[in-house]
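Trainee: Let me begin by handing over the structure; questions about it come next.
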Amino acid sequence: MTYNIVALPGDGIGPEILSGTLELLELISKKYKFDYQLTSYDFGGAAIDSHGVPLPDDTLNACKNADAILLGAVGGPQWTDPNNRPEQGLLALRKSLGLFANIRPTKVTEGTSHFSPIKESRVKGTDFIIVRELTSGLYFGEPRHIDNQSALDSLTYTKKEIERIAMVAFELASQRKKKLTSVDKENVLATSKLWRKTINEISHEFPDVKVNHLLVDACSMQLISQPTNFDVIVTENLFGDILSDEASTIPGSLGLSPSASFSLEGPRLYEPIHGSAPDIANQNLANPFGMILSLAMCLRESFNFEDAASELEQAVYQLIKDGKTTKDLNGHYTTSDIFNELKKNY
C-alpha cells in the first residue's frame, strides 16, 4: 500500500520545521518498509500571497483525497485583512473535512519535568490527552451579530455532535488508564446540561471506563494543581481551546506539544500546537519537537506503525533528557542540529 500524504508548510517557521520532519519520514519509511506519495501545497498566508485566499481549491481537493495531512503553522502580522486571514483557512479546512475531534497529548517525561514552570514534583509523570470538539459551539454558532452597541454569539450543540466526540474520548480512555473526565459548565449552561446527560448515557457502553464530571473552572485549577490525576479529558470547543492551551504550559514549552484532528472517516490532520513564530522564522532557531511528535502521532493513528511512532518519540525525549535542545529549552542546538541528531537513529 502507498500512503498519500499532503504537506502544508504554511507560514513563519512552518516550512523549516516541516521540511526537516519530512526528511525524517523518508528515513523512517525505508527502515519500516512502507511507501508513500508526498505532495506539498500552499496554505494560510502563503496561499493568500500566491492564490488570494488561505485555502485554495486545489489545496482543499488534495487534502480531501489524502490519507494524512501534515501542517507546519499558519499566520503572521503581514496579513491584516480581517476578512481574509490565514487562520480562516484552517477553520475552513477543519469544517470541510469534518475534523470534529482535536486530540492534544500533554506528557512530562524524566527529561522534561525540569522545564515546567510548575514544581517538578507536581508534574513528573503527567500524561493525559484533551479531546476537544472542534466544529461546533460558539465558534460556529448562528446567529451572530455585532454593532456599536451590542454583540451576539450563539452556543449550540446537538446530541449527535456530543455523542460522536464522546465516542472518540471513551475509546481513547478504554485504551489507556480507563479514566475519563468530562468538562462542562452544567450549573449554568443549557448546552452543558445536555452534554453531561449525553456523556452519562454513553458511559453505559463503556462500563470499564470510570467517568468523572468537572466544571470547567474547577478543571482549569486542577490541571495545574493535580495534573497527574488526569488521563483523558473531553470537552466542548471553547473550553477545550482554553484548557488545551493551559495544559501546554505544563511541559514548559509550546514547542513540545503535538496535536491531531480526526473525523469519522477520511484524512486526519497533524500539526504542532504552537504558532508560526514569525520573529524567529528562517533563522534556524525554531523548536521542531512538536512537529516531529505530530509525525509520530500520524505514524501511529493514520498508518498503524506503533513501533515507528514509539521509536521516534523516545528519540525526541532522549535528546531533551541529554540537553540537546533549542534555545527555548535553554539549549544551544539549532533546528537543523536537532534533525541531524535524530537522523542518526535511522
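Just so you know, glycine gets a Cβ as well, placed from its N, Cα and C.
Okay, these came from Swiss-Prot:
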- 76-87, 275-287: NAD(+) binding site (BINDING)
- Arg94, Arg104, Arg132, Asp217: substrate binding site (BINDING)
- Tyr139: site 'Important for catalysis' (SITE)
- Lys185: site 'Important for catalysis' (SITE)
- Asp217, Asp241, Asp245: Mg(2+) binding site (BINDING)
Trainee: Cα-Cα, whole number of Å: Lys185 (site 'Important for catalysis') versus Tyr139 (site 'Important for catalysis')?
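Mentor: Roughly 17 Å, rounded to the nearest whole number.
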Trainee: Measuring CA to CA, name the entry from the binding-site residues Arg132, Asp217, Asp241 that ends up nearest Gly275 (NAD(+) binding site).
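Mentor: Minimum Cα distance from Gly275 (NAD(+) binding site) across Arg132, Asp217, Asp241 lands on Asp241.
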Trainee: Is it possible to get the count of other C-beta atoms within 10 angstroms of the C-beta of Gly275 (NAD(+) binding site)?
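Mentor: Gly275 (NAD(+) binding site) is surrounded by 16 other Cβ atoms within 10 Å.
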Trainee: How far is it from Asn287 (NAD(+) binding site) to Asp245 (Mg(2+) binding site), counting Cα to Cα, in Å?
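Mentor: On Cα coordinates alone, these residues lie 17 Å apart.
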Trainee: Same chain only, sequence gap of 6 or more: which residues have a CB within under 8 Å of the CB of Asn84 (NAD(+) binding site)?
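Mentor: Set apart from Asn84 (NAD(+) binding site) by at least 6 residues yet with Cβ under 8 Å, we have Ile48, Gly52, Val53, Pro54.
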Trainee: Name, in the order they occur in the sequence, the residues of the same chain whose CB lies under 8 A from the CB of Arg132 (substrate binding site) and which sit 6 or more residues away.
Mentor: Ala101, Asn102, Arg104, Thr235, Glu236, Asn237, Phe239, Gly240, Asp241, Leu243, Ser244
Trainee: For Gln283 (NAD(+) binding site) and Asp245 (Mg(2+) binding site), what Cα-Cα distance in Å is obtained after rounding to a whole number?
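Mentor: Rounded to the nearest whole number, the Cα-Cα distance is 26 Å.
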Trainee: For Asp245 (Mg(2+) binding site), what is the secondary structure by DSSP, using just helix, strand and coil?
Mentor: helix
Trainee: Going by Cα-Cα distance, pick out whichever of the recorded positions Thr80, Tyr139, Asp245, Asp279 is nearest to Arg94 (substrate binding site).
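Mentor: So, spelling it out, the nearest of the recorded positions is Tyr139.
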Trainee: Within its own chain, what residues at least 6 apart in sequence put their Cβ under 8 Å from the Cβ of Asp245 (Mg(2+) binding site), listed in sequence order?
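Mentor: Expected: Ile273.
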Trainee: Would you list, in sequence order, the residues of this chain other than Asp217, Asp241, Asp245 that have their CB within 8 A of the centroid of the site's CB atoms, where the site is the one recorded for Mg(2+)?
Mentor: Val216, Ser220, Leu238, Phe239, Gly240, Ile242, Leu243, Ser244, Glu246
Trainee: Specify the count of other C-beta atoms within 10 Å of the C-beta of Arg94 (substrate binding site).
Mentor: 19
Trainee: Over all shown protein chains, what is the count of other CB atoms within 10 A of the CB belonging to Thr80 (NAD(+) binding site)?
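Mentor: Summing over all protein chains shown, Thr80 (NAD(+) binding site) has 8 other Cβ atoms within 10 Å.
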